[in-house]
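Undergrad: Quick one: the structure is below, questions incoming.
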Amino acid sequence: MSSKFDVVICGSGTAGLAAATWLAQYGVDCKILESRSGPLDVGQADGIQVRSVEIFESFGMAEELLREAYHNIEVAFWGSNPTSSGMGIVRKRSAHATTPGLSHMPRVILNQARFNEMWLEAMRRRNGQEVDYGHKVTKVTVDEEKATDPDAYPVTIVAQKDGQEQVFEAKYCLASDGAHSAVRKSLGFNMVGETSDSVWGVMDVFPRTNFPDIRKQCIIQSDAGSIITIPREGGSMVRVYVELAAGTNAKEVTLEQIQNASRQVFHPYALDVADVWWWSAYPIGQRIADHFSKANRVFLTGDACHTHSPKAGQGMNVSLQDGYNIGWKLASVLKGHAGPELLETYVLERQKVADVLINWDKVWAKQMCSIAKEDGGVVDANGKIDFSEVFVKAEAFTAGLTVTYGDSIITQAGDSNQQAATNLKVGMRLPAAQVVRFCDAKVMKTVNALPSDGRWRIMIFPGDIRQPSASTRLAQLGTYLFSNHGPIRKYLPPGADIDSLIEVIVILSGERLEIQQDQIPDAFWPTTGKYRMRDLHKIYIDDETYHNGHGHAYDFYGIDPERGAVAIVRPDQYISKVLDMKNHEGISAFFEKFLQKKGQANGSLNSHDEWTLA
């Protein structure tokens, strides 16, 4: 006897939990099968890049994360001391961990167990979603004949629970079961890549040391080897990554070897380990799956489809973004808002990201090894590896902010007028600019108006509506958008609020106190919610604030207020299209490529049929 689910997620890794949170946000139930007996208690990953923190913020989770995590503000670079007798190290340079202006969020450190626990809590808050522990997935198959039927359950998942076989049928399946993915192996997919001869040890320790930068992230490259230190949350524990001697077998490494190698690199500073929380050893390698999906019904995420060295803090972060990418797309299809072709964009977008990551990690890992100099690494005037330059140049990449999704049905750079908003790059995530909310003078970041709640956004930048030309532009666009043939009503789910699928956000320029509410067309103050009240929280202005200065959002986004601009933003905060204010049909043409008109939904949900935004 089998059980049927809209989505079965194999493994409760970071990618799977992020996707499940999206599904919960849309009101879609899923089944999460985890082989462990309970939640992760000790996690290997710890670095949380700024894009990941932005994603936390979009789900309303950032406050807790920022309170508990260790804020990684500065990086110190240490190298061999040429004046010392024998081996020794000296600080060469200090730099910011994140370039100012890259993001309004910091890079932070928090263990993966707590990181994942926050996602578990977020799922529960939304629809009570839980993880089924003690289920070891053994086999996944896809009936490709059924896969073309949107109402079918073509995926079969077999799992073992307490010695008993359990069978689940699903419309869709996500593999979030790690580098040794049972799902990937069942589908006959292979990991392609290589493993180098370089072996590293890692340990989370409570150090007694006179090393002055022990509470900073440090990159140390000495004649004795290389080390990366990462201060952990709580103020005492430190993670130490250390390069081990050539020819080391990772499976034979002992804790004593890791500690001895660390002491040699730290010399002349002392390193006495008071306690060890966790330790491991691993060879450096980069591998990527030869396929990321099967029949548009099974999708690989996280370590199930890409593995690499952990020293740049990418694994957990890229996995999170895999889940963040596929989750809302699955929910959109299951809710009947978009056709299944939307899911094809997951592979198009995330496989490219994985390819870039793997190639970049090969260079990064080589630079960190002591043999890099021999292979033409970045060197300073003395022939030493100048890793600080490598690190600084890679900041935007490691922060997760250089991801650019290529053209597809939901990302249309080719049909955009990029000159209308030169810094709103199509395919990239929307950068945060400071604005003022019109109704109450609250200072906000633009991204705070775009939470991860499943809605598409049409962001309108009309300019200063005290000018007749700008006022006319805004009124004409509003009339079109909310008309019966405009995109807002065309795709609106029956009985839903006018802003439940596509929300319109207006960002004015000019002086707030000289603009009256009745100068803004009524269409932009929709009546919504249980009490059918006017929503006054959709209008913002680029103006001086009482305490935070002027955000200059128009300048930041490269928008001429005399001409205005429109940006269409995806539910995951990536920019889909940029248009000029008069291109009304261009907005409709965008949504026509993938949204389902009322009454044209593909299939139906097994769980919730009504549209909900938890």
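Glycine is treated like the rest: Cβ placed from N, Cα and C.
Okay, so Swiss-Prot annotates it like this:
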{"type": "BINDING", "residues": "6-35, GLN44, VAL137, 239-241, TYR282, ASP303, SER319", "note": "FAD binding site"}
{"type": "CARBOHYD", "residues": "ASN260", "note": "N-linked glycosylation site"}
{"type": "CARBOHYD", "residues": "ASN317", "note": "N-linked glycosylation site"}
{"type": "CARBOHYD", "residues": "ASN602", "note": "N-linked glycosylation site"}
{"type": "SIGNAL", "residues": "1-23", "note": "signal peptide"}
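Tell me about the surroundings of these features in the structure.
TA: GLY11 (FAD binding site) counts 28 other C-beta atoms within 10 Å of its own C-beta, drawing on all protein chains shown.
Cβ-based neighbour count (10 Å, all protein chains) for ASN260 (N-linked glycosylation site) stands at 14.
Neighbour list (ASN317 (N-linked glycosylation site), Cβ cut-off 8 Å, at least 6 residues apart, same chain): GLY47, ILE48, GLN49, ARG51, SER52, GLY400. DSSP assigns ASN317 (N-linked glycosylation site) to a helix.
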Undergrad: Give the nonlocal contacts of the signal peptide (1-23) in its own chain as ranges (CB under 8 Å, at least six residues past its ends).
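TA: That would be 29-36, 39-40, 45, 55, 59, 112, 115-116, 119-120, 122-123, 126, 129, 131, 137, 140, 153, 155-157, 166-178, 181-183, 301-304, 316, 319-320, 322-324, 326-328, 330-331, 334, 452, 454, 605-607.
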Undergrad: Between TYR26 (FAD binding site) and ASN260 (N-linked glycosylation site), what C-alpha distance do you get in Å?
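TA: TYR26 (FAD binding site) and ASN260 (N-linked glycosylation site) have their Cα atoms 52 Å apart.
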Undergrad: Cα-Cα separation of GLY11 (FAD binding site) and ASN260 (N-linked glycosylation site), in Å?
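TA: About 36 Å separate the Cα atoms of these two residues.
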Undergrad: Among TYR26, TYR282, all listed as binding-site residues, which has the most CB atoms within 10 Å of its CB?
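TA: Counting every other Cβ within 10 Å of each candidate, the maximum falls on TYR26.
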Undergrad: What's the most sparsely packed of the binding-site residues THR21, GLN44, counting other C-beta atoms within 10 A?
TA: GLN44
Undergrad: What's the CA-CA gap between LYS31 (FAD binding site) and ASN260 (N-linked glycosylation site) in angstrom, rounded?
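TA: So the Cα of ASN260 (N-linked glycosylation site) lies 46 Å away from that of LYS31 (FAD binding site).
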